[in-house]
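Visitor: One structure is given below, represented as structure tokens, and several questions about it will come after.
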Amino acid sequence: MDWKLSVVFLTAFLFSLDCCFCQTYVLDDTKGLGRVFDGIGGLSGGGATSRLLVNYAEPYRSQILDYLFKPNFGASLHILKVEIGGDAQTTDGTEPSHMHYENDENYFRGYEWWLMKEAKKRNPNITLIGLPWAFPGWVGHGKNWPYDFPDITASYVVNWILGAKQYHDLDIQYVGIWNERNYDAKYIKVLRAMLDKVGLTGVGIIAADGDWSIANSMLIDPNLNESVEVIGAHYPGTITVQNALKTQKQLWSSEDYSTFNDEVGGGCWARILNQNYVNGKMTATISWNLVASYYQELPFGRDGLMTAQEPWSGNYVVDSPIWITAHTTQFTQPGWTYLQTVGHLAQGGSYVALTNGKGSLTVVIETMTHDHSVCIRPPLPHFNVTSQNATFQLKGSFASIKELKVWRSQFNFKTKKPSFFEKLTPLTIKDGSFTLNLAEDEVYTLTTVTTGSKGSYPDPPPSARFPKVYKDDFDVRNPPFSEAPNFADQTGVFEYHVNLTDSGPHVFTLRQALTERPVTWAADADQTISVIGDYQWQNLEVTCDVFMENVKSSGVFIAARVDKGGQSIRSAKGVFFWVFADGTYKVTNDLAGQTVLAEGQSGTRAYGWYNLSLTVKGQYAAGMLNGYPLWKQAVVLTPKNGWAAIGTRSFELAQFDNFAVVAE
């Protein structure tokens, strides 16, 4: 072969090889648009995931809220979904109901009202959603199921929506359906009718907050189909099903992410925010959870968009998912529309494009590799991503765009020096196109929107352990929240209480308020318990005044080294010092009370205050009643460490006062 011809062939080969990594993607609205974008959101609850946030002092609490909700600052969330508290363990704790009992209504319990108002204060246009994970026991009429009496359940939910407006001026736009595993079509239709009857025609129902299976029923049941506005799935793996698409309803990933918020977690979030639409035509994605504001040793520690788990120190961490969220939220709004021309990149990754229909364009590109974008669930099939050059051609109404603002995040896993949400030099558009050199594990936003910004505050205080000396006498006359600071209820509800008939030292107390087991999908313990403190505590003294309110069967405890919480609370171990209204005491190595370390007579009765003291040091524990030794030298081999706690024998009324811990 002639050498000149060889050079020609070699040049052509190299050009074709290079073009394997060159691909043109057209962004065009000429043939119409895709689905309407509904927003990106965070979920507070399911359960008690924002518990510690409310205890932060200013200015740190407001700074955290700004990173979450303030437009053009941080995550700039479009949606806030909250738990409609149901008095039950729903993952990391319990949230109080607005109706503990059928004749009880109180729309100031808990902290979700406060959180919604703070979000609304920062973003008046934020979409608000309520979802019950559990219900007070009376709703189920003795069964662990809320749908046998759909009118009662619907009325309970509707009351919450009405209360949000009446007492907090909050308009709830959507309400979800309980239970990830089951749905009840009759209940959904009853709820829709009741919402309409009381004038809440604008409140949409999201169903079924589980998988896509409700779509099958909607296609054959016109009344059900008409009742449901949004089909919401949990952890869909970016995939929908054909029958869900056939309903022509809005499709949402109504709970997603749930992944440790390190850089791999940020990569997970980047991938699914794009691919939930590219693969599944889902127009909203909501992160569980909003902010990791619960003790990290509880289940799913740090599975939030950011971390705020130290109100005692003021420390918080703005994790990578905040800035990954900003790539979409700061440059779009609900009501924008996806282009039909979205999809996967030739060498891996994905791109979406959205417009407001008035000339604005936002393009979000992600090139997350498999191992750097694994979410907690579902399993992620293998795929490859490599560096590539991508050319984007602007057509239709976008052909006249001359410049795009550029924001970039680079995870830089090899150097471990990530750079998030960095504003680059604007990109000049030539002949209606532009080319990007895309490396692995990057996120780009290219946009005509000029208002984006990376907000910041001075560094918060350094991280610190929970104070080794801690006291709370609960003497708060007008508490801003119904729960005492730093207590994390794991079964039962412990609320501030005023004894109107007591003029002595116990006027203001903390009271366990439930008398029957709630309706829940999680595993509440048979006992009520609220934990507090440092999970690493080993040697400590816990003291508390206690008051039992059931003559026949009351029992209360204080505890140390409690090793489990959340959905594992039933199997919690530790050192539990119990006294009972029948005049006895017991020391157990577990919350269930099966492993007894000591027992005997205490002389305790209902309707009298007693001071309990529990000391645990090394392998030994001792207890005092009213300042006198009651038992000692109980051998405690395990656990070696854990939280302090208070609680009751069953779902019963009991009060606590003058709680204190001294740890070594």
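Every residue, even glycine, has its Cβ placed from backbone N, Cα and C.
Residues annotated as active site, proton donor/acceptor in TrEMBL: Glu180. Look at TrEMBL and you will find Glu255 tagged as active site, nucleophile. Sequence annotations record features per position, and here TrEMBL assigns domain 'Glycosyl hydrolase family 59 catalytic' to 37-330. Taken from TrEMBL, the feature domain 'Glycosyl hydrolase family 59 central' covers 338-452. Taken from TrEMBL, the feature domain 'Glycosyl hydrolase family 59 C-terminal lectin' covers 489-663. Per TrEMBL, signal peptide is recorded for 1-22.
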Visitor: How many of the residues that make up the domain 'Glycosyl hydrolase family 59 central' (338-452) does DSSP mark as helix, as strand and as coil?
Guide: 3 helix, 54 strand, 58 coil
Visitor: How many other Cβ atoms sit within 10 Å of the Cβ of Glu255 (active site, nucleophile)?
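Guide: A count of 25.
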Visitor: To what whole number does the mean pLDDT across the domain 'Glycosyl hydrolase family 59 catalytic' (37-330) round?
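Guide: Reported value for the domain 'Glycosyl hydrolase family 59 catalytic' (37-330) is a mean pLDDT of 97.
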